[in-house]
Structures are given as C-alpha cells and as structure tokens.
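Below is one structure, written out as structure tokens; comments come after it.
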Amino acid sequence: MTTHFAPASPSAVVSMDLITKTFPGVKALDQVKLDLYPGQVTALVGENGAGKSTTVKILTGIYQTDGGTIRIDGDPVTFGSPNDAAKAGITAIHQETVLFDELSVAENIYIGHAPRNRFGLIDTAQMHRNAAKLLADIGAPFSSHTQLRELGIANKHLVAIARALSVDARVVIMDEPTAALSHKEIEELYELVETLKAQGKAILFISHKFDEIFRIADRYTVFRDGGFVGDGLIADITEGDLVTMMVGRSVDQIFPDRDHDVGEEVLKVVGYTHPTEFADINFELKRGEILGFYGLVGAGRSEFMQAFFGITKPSKGLCRVNGDIKVIRSPAEAVDNGIVYVPEDRGKQGAVIGLPIFQNITLPSLGRTSRNGFLQLAEEFKLAREYAERLDLRAASLDQDIGNLSGGNQQKVVIAKWLATQPQVIILDEPTKGIDIGSKAAVHEFMAELAAQGLSVIMVSSEIPEIIGMSDRVIVMRDGLIASELTGDEVTPEILVRHAAGITTPTESVAQ
Amino acid sequence: MMRFIPVREAILGSAILILLVLVASRFSGFVAPSNLANVFNDTAPLIILALGQMVVILTRCIDLSVAANLALTGMAAAMINVAMPGLPIPVIIAIAVLMGAFMGAINGVLVWKLSIPPIVVTLGTMTIFRGIIFLISDGKWVNSHEMSAAFTGFPRTVFLGLPVLSWIAIFTVIVFGIMMARTQFGRSIFAVGGNPHAAVYTGINVGKTQFWAFVVAGALAGLTGYLWVARYAVAYVDIAGGFELEVVAACVIGGISIAGGIGSVGGAVLGAIFLGVVKNALPVVNISPFWQLAISGSAILIAVAFNARSGRAKGRIILKSAEATQ
C-alpha cells in the first residue's frame with residue numbers, strides 16, 4: 001500500500017492536521033489530515049465508519065478535537081461551538097436537511113441571522129430582497145415567499161445551499177447530498193456545485209458513489225478505520241486505485257454468478273391500482289428469481305410495494321400466491337402468505353431498540369415459538385441462534401441490547417428476522433443504499449444465495465449496476481406505471497435510463 | 001455485560017432501602033414488619049394503577065383518565081351496592097373491571113381510529129368521567145353506613161397475614177410479569193413503543209395494540225375503583241383527584257421511558273413503592289407534607305436525568321484495535 005501525499009499548498013482555506021478524536025474507550029479519528037482549497041471540490045472517501053461524519057462534526061464545531069490543529073488561512077483556530085465554526089465561514093448541508101417546514105423560504109435562509117431594522121426587529125422586506133437575490137444566483141425555480149413544506153427534497157437542498165451562501169460561507173460541506181435525489185435533480189446539483197466553485201468556495205463532498213466523485217471532485221482524501229490513508233488530485237488516480245485505498249484490499253466489483261434455473265410461478269400480481277400513486281401493475285414472479293424494480297425516485301415503486309404488502313390500501317387489484325387467489329389487507333396477512341418486506345430505511349423501520357437481539361429476530365415468528373398462548377423462550381433462542389449463525393451475526397450474546405450492535409450487524413438482525421419467518425417472497429427495498437462497497441458485495445452475495453435456495457426476491461433499487469448485476473428480469477416504472485419489462489441483453493444502462501425517464505429517442509448523455 | 005434495566009432497578013431498590021434506614025434511625029418502629037405491611041397495603045392501589053399506566057406508556061401513549069375512571073367505577077360500585085346490598089362481591093368486582101375496561105376502550109378507540117393524541121383524548125375523557133360521577137350521584141356522597149359490611153370488608157379481610165387488597169396487588173404484579181415476558185401481547189407492546197415503523201412491517205397492528213393497552217389500564221382502574229371506595233368506605237365526585245399524576249410519576253421514577261418502548265414490571269412496582277414509602281415515612285419523622293411533594297418531584301427529575309444518561313448512545317467502535325478490547 002503506497003501512501004499518497006499531495007504537494008503541500010499554502011493556499012488551503014482549511015487545513016486539519018494530525019486531528020485526533022477519542023470517545024470513551026474509542027478512538028474515532030487518529031491523526032488525520034484534511035485540506036480544503038478555494039474553488040475546488042475535495043471528495044472525502046471512506047467506508048462506513050471510516051470517520052467521515054466525525055470529521056464533519058469537528059469542522060462544524062459540534063465535536064471538539066482531542067489533538068491536532070485546525071488552521072484557517074494558516075492561523076490556528078479552535079471551534080468551541082457550532083457558532084464559532086459558522087463565524088469562520090464553515091457551513092454544512094446535511095444528508096437530511098435541517099430546515100423548518102412551517103416557515104417560508106426566506107425565513108429558513110435567514111433564521112438566526114435575519115437582517116434587523118433600526119428598532120432591532122426583523123426587517124422582513126430586506127430579508128426577502130436578499131433571499132430573492134441568493135435564490136436567483138443559484139437558479140432556484142421558486143420564490144422566497146414559498147412555504148418550505150411545499151417544496152420537494154431537491155428544492156429543499158437549494159434552500160439549504162442558499163442558507164449556506166447567506167452566511168457568506170467560504171467552506172461548504174455536502175454530506176451525501178445526492179442520496180435522495182433523482183437523476184435529473186443530481187444533474188442540477190452538479191451545476192450548482194460548479195457555480196459554488198466559480199464563486200471560490202471550498203467544497204468538501206462526501207459520497208459513496210464513485211461516478212459522482214470522478215464527475216465533480218478535484219481532489220480526494222481517503223480515510224480508513226479512523227486513520228488517514230492518502231490524498232491527491234482526482235486527475236492522478238483511477239477508480240480502482242481509489243477503491244483499493246479505501247478498503248485496503250482490492251475488491252472485485254463483480255456480482256455473484258447466478259446460473260441456476262428459475263422454477264414455477266410463485267406470485268402473480270394483477271391490476272394493482274391506487275387512486276393517486278400507481279395504476280395497472282401486473283407481473284409474475286417465479287421460484288428462485290430475482291426481479292428488479294428500477295425507476296427514478298418517486299416513480300411509485302415503494303408506494304406499490306407498501307400497498308401490495310398491506311400497509312396502504314390499493315383501490316383495485318389481486319394476487320395469486322402458489323396458484324391460490326389471495327387478498328392481502330394487512331402486513332400480518334402478507335407475512336402469513338409468506339411475503340415479507342425489508343423496507344428502505346432500516347434504521348427507522350428495522351430494529352426495535354429496547355428489545356434484545358433474539359427478541360428482535362423472533363418478533364414476526366412469535367406464533368411459531370409459543371405454546372398455549374405463552375412464549376417459549378428456549379424455542380425463541382433456538383430459532384434466533386439458527387438464523388444468527390446463518391448470517392454470521394457478530395454479537396457477544398443474543399440477549400444483548402440491539403442498540404449496542406454496529407450498523408452492519410443490526411442489518412443482519414433485521415434480515416434474520418425476516419428469514420426466520422421462512423418466507424417465499426422477500427421484497428428488498430434499496431437493499432444497499434448508503435452502505436459501503438464491502439458490505440454491498442456481502443448483501444449481493446447473500447441475495448444470490450437466497451435465490452439459489454428457492455426464495456423469490458423482488459429488489460427495488462435505484463442503482464443501475466446493482467439492477468443489471470443482480471436481476472434475472474427488470475421492471476421499469478415511470479410515473480406510477482410499468483414502463484417496460486426487460487430481460488437478458490435488453491438490460492443496459494442506456495435502456496434503463498431511457499425507459500425510466502421516458503426518453504423515446506436515444507440520447508448521447510446517459511448515466512455512466 | 002449486564003443489561004442496564006436490572007441495574008436501574010437495583011439502584012431504585014437501594015434508594016428505597018436507604019430511605020428506610022434513614023427513617024428507621026429516627027423512628028425504628030417504621031421498619032417493623034407489621035408497619036411495612038401497612039405501607040405496602042397503602043401503596044397497593046398505586047402499584048395496580050402504575051402497572052396499567054406502564055403498559056400504556058410503553059406503547060408511546062399516556063392515560064390521564066385513570067383516576068377519573070377509578071372514581072366513576074367506584075361511585076357506580078357503591079351505588080349498585082346501595083341499590084342491591086345482596087349482590088355478591090365477585091359480581092361487583094366483575095362489573096367494576098368491565099366498566100373500567102369499557103372506559104379504557106373509549107380512550108383506545110379514539111386514539112386508534114381517530115388518531116387523536118392520547119394526552120388530548122384522556123384529558124377529555126378525564127373531565128367527562130368526573131362529570132358523569134356528578135350526574136349519576138347528584139354530587140352527593142355515598143357514606144359507609146349506606147354500604148354493606150361485605151362490600152367494605154372485602155379489601156380488608158386478612159388472608160395469610162396480609163389484607164386482600166395487598167394480595168390483589170401481588171397477584172396483579174405476577175400476572176403482569178408473565179404477560180410482559182411471556183405473551184405475544186407483551187412483546188407487541190415493547191415492539192410498538194420501541195419502533196412503531198418496524199412493528200408495522202412485522203405484522204403488528206400499532207393502533208390495535210395501543211387500544212388494548214388502554215383497555216388493560218382501564219380494567220385495572222375499574223378494579224382499583226371498587227377497592228378504593230370499599231377501603232375508604234366513601235364515594236364522592238373528587239376521590240383520587242390528581243392521583244393520575246402520582247401514577248405517571250411512579251412509572252417515570254421506575255424507569256419507564258416516557259418516549260415508550262423501555263421499562264419493566266419491576267421498575268413500575270419499585271417506583272410505586274418508592275412513592276408509597278416517601279408518603280408514609282415523612283409524616284412519621286415530622287417532615288412536612290410540602291417536603292414530601294418536593295422529594296417526590298426531585299425523585300422524578302433524578303430518575304429522568306439518570307435514564308437520559310444511561311440511555312445515551314455510546315461512541316462507535318471504529319478502530320479495529322479498540323474493537324479487540326471490547
């Protein structure tokens with residue numbers, strides 16, 4: 001492993017040197033360095049848990065360092081509070097934008113530093129004038145008087161960026177800004193980043209997506225396990241080398257081989273329709289098949305899955321499970337019919353904090369582990385242990401609080417929970433969203449293994465490589481309708497993007 | 001590593017013991033077994049209600065109507081006894097429990113089907129229940145001489161050295177211990193409070209679970225309604241006025257997270273006993289009732305602060321070297 005050092009440049013706006021941060025018993029950052037330059041985008045790269053978030057929190061004054069120096073324009077500074085960092089011109093746009101739904105755009109931009117009139121009261125007119133100018137600068141298509149709640153997530157990002165500019169920020173931190181954006185919105189964000197660069201802002205860009213990093217970053221800095229690995233110019237490095245630096249080993253990004261035959265029909269869905277979200281959804285699913293659902297964010301994929309699973313009510317539609325017509329009116333009925341749904345936001349919708357690991361695993365299977373209405377703890381433990389072992393769950397004890405597990409292991413608990421119900425059909429909604437490359441490969445491996453064992457998988461995904469690499473068949477949804485169904489050689493990035501975006505003629509600019 | 005809930009119960013248990021030792025050093029008679037049994041008997045209604053409240057709070061709700069429910073069922077039981085003195089006590093108890101459960105079901109339906117915030121629902125029903133007592137009783141009292149001897153005597157009947165009231169509390173604690181640990185309903189309650197979104201995907205109906213939690217709390221309030229009126233041999237509009245807050249306080253002191261999902265039967269019981277000891281011990285050692293309020297209030301704040309501290313997430317283990325030492 002060679003370590004790359006960029007030539008020292010005196011022009012860095014922010015320079016973090018030998019920064020160390022220790023939590024009780026844990027060193028989160030160990031002598032890392034990070035330099036940010038005016039008018040340049042620096043990508044901070046690392047697997048989950050590499051220390052990226054801690055770095056952002058130190059830069060924005062939420063955490064204080066235990067060692068090392070932060071320099072602004074070469075002068076050492078200490079940030080005792082988020083306020084100090086803001087005064088130094090450092091601002092962050094978070095994964096989940098922190099804004100106020102009930103306030104107007106202008107109020108959101110100027111909350112905390114609104115212009116005052118001579119009586120010390122907020123000068124509303126001046127505030128709206130300033131806000132309108134900022135919004136025009138970044139090309140925002142809405143007025144400063146708009147209520148924030150009326151805006152979509154991409155436009156909320158614009159508000160967050162306008163807010164960053166309103167404090168005269170010199171450093172803008174973007175923490176996975178594209179995670180929830182559709183393809184078109186991402187393009188708009190790139191343009192905005194270019195605008196910010198042109199204005200001389202130093203940008204710290206955190207992303208898991210390599211195409212993004214190579215598209216907009218000028219420099220990179222790699223962290224691994226809380227330590228500094230290397231930095232340099234994007235122009236001097238290849239995607240493969242960056243991955244190697246990040247994971248410390250070469251990861252082959254090849255998807256698992258899947259050459260088994262699919263079996264007979266397990267599920268057939270006919271005419272699912274919802275008054276406002278989707279219409280006329282028909283498809284079938286065979287034993288051992290992985291069916292990909294591709295589409296832009298908001299195409300109605302998750303909405304259909306939730307209705308199919310019985311969480312929301314469709315107005316029309318029925319399904320056939322193993323040849324028998326079934327009406328699924330609630331999640332409990334779906335689970336009874338061997339259909340389970342692993343939702344997108346596993347943090348929020350997955351683990352039950354407060355229950356120990358084994359009780360999390362057995363939660364949907366309690367019918368099988370109880371006798372005469374009483375739960376048999378020994379049976380529960382047995383069931384939980386079986387699936388924990390199958391998934392190679394690393395925990396000191398299954399009686400442990402689930403909150404003490406790492407994210408990856410919590411995810412295993414959530415998947416173990418569903419496998420323990422012995423399902424026939426498993427719906428995975430964005431199974432690898434926001435997780436690092438190493439964990440992604442493990443999830444893909446596992447998915448292939450499940451299919452080989454005869455489980456049918458419906459995989460909702462917005463990541464093209466994953467859709468192409470994993471699916472036997474792909475359904476593309478657009479605006480609540482099925483746009484196309486693709487198999488074999490038809491599944492190419494270009495066709496997927498065209499069908500999802502509704503472009504009828506081939507274009508030269510498609511997603512990489 | 002020990003789970004932190006038993007640790008919390010151990011700390012609360014120790015606090016109660018220290019309190020007893022302090023009181024005993026001023027007045028040794030307080031810790032005589034017969035007096036401790038009296039204190040427990042006096043705390044029995046609070047223990048029963050705290051268990052019901054615990055179930056509700058665990059599902060991320062709150063029931064402010066329990067004391068009003070208690071007063072209304074108590075009044076109804078007393079009036080039934082006056083009208084039909086021959087009616088056997090088990091029948092009266094069954095009526096009280098069903099009535100209480102029905103009032104709990106009203107709360108539950110409003111929370112489940114209309115999605116009204118529980119604090120608003122139970123604030124409303126609390127006032128309504130008190131109003132109904134006034135309507136059915138015309139604001140008059142039912143006094144001890146109007147009640148039958150069997151009616152007032154039942155909770156005080158001594159059985160194996162303890163009054164029936166105490167035995168009912170002990171029995172309730174055992175039933176709840178089994179229910180929370182060993183039934184699907186108990187597990188659902190933790191799941192609904194711990195992560196309602198996850199519970200939905202697991203096939204648990206969140207609203208329905210909350211509904212049954214209110215029914216359980218209501219049934220216990222109904223049971224306590226009869227016991228209360230029979231024990232004090234009087235029923236009127238304002239009995240147990242403000243008692244709902246003492247019940248919530250017992251839960252909070254006992255480590256039931258007001259945000260739901262975390263708590264235990266042992267915690268709720270100890271929380272109630274702590275308040276019971278404070279209430280009975282302080283007058284004995286000549287401390288004014290105002291201090292009693294201040295001590296109860298401080299106990300709530302200390303308990304919440306303690307839970308907030310122990311519930312705080314630890315730093316993540318990122319360095320491989322740190323992981324090895326765990």
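A Cβ is built for glycine as well, from the same backbone N, Cα and C atoms used for every other residue.
Predicted automatically and left uncurated, TrEMBL annotations should be read as such.
What you see is a predicted model, and the numbers here were worked out from it, not measured in a lab.
Annotated features, as they stand in TrEMBL:
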type	residues	note
TRANSMEM	B:39-59	transmembrane segment
TRANSMEM	B:89-112	transmembrane segment
TRANSMEM	B:119-137	transmembrane segment
TRANSMEM	B:157-178	transmembrane segment
TRANSMEM	B:210-233	transmembrane segment
TRANSMEM	B:245-278	transmembrane segment
TRANSMEM	B:290-308	transmembrane segment
Any contact, the transmembrane segment (B:210-233) to the transmembrane segment (B:89-112), with at least 3 Cβ pairs under 8 A: yes
Range from B:89-112, B:119-137, B:157-178, B:245-278, B:290-308 with most C-beta pairs under 8 A to the transmembrane segment (B:39-59): B:245-278
Positions whose Cβ lies under 8 angstroms from the transmembrane segment (B:89-112), at least six residues beyond its ends: 61, 63, 65, 69-70, 72-74, 76-77, 80-81, 118, 121-122, 125, 129, 150-151, 154, 207-208, 210-223, 225-226
Contact set, same chain, for the transmembrane segment (B:119-137): CB under 8 Å, 6 or more residues outside the stretch: 62-65, 67-69, 71-72, 75-76, 79, 103, 106-107, 110-111, 235-238, 244
Positions whose Cβ lies under 8 angstroms from the transmembrane segment (B:290-308), at least six residues beyond its ends: 8, 11-12, 246, 249, 252-255, 257-258, 262, 271, 274-275, 278-279, 282-283
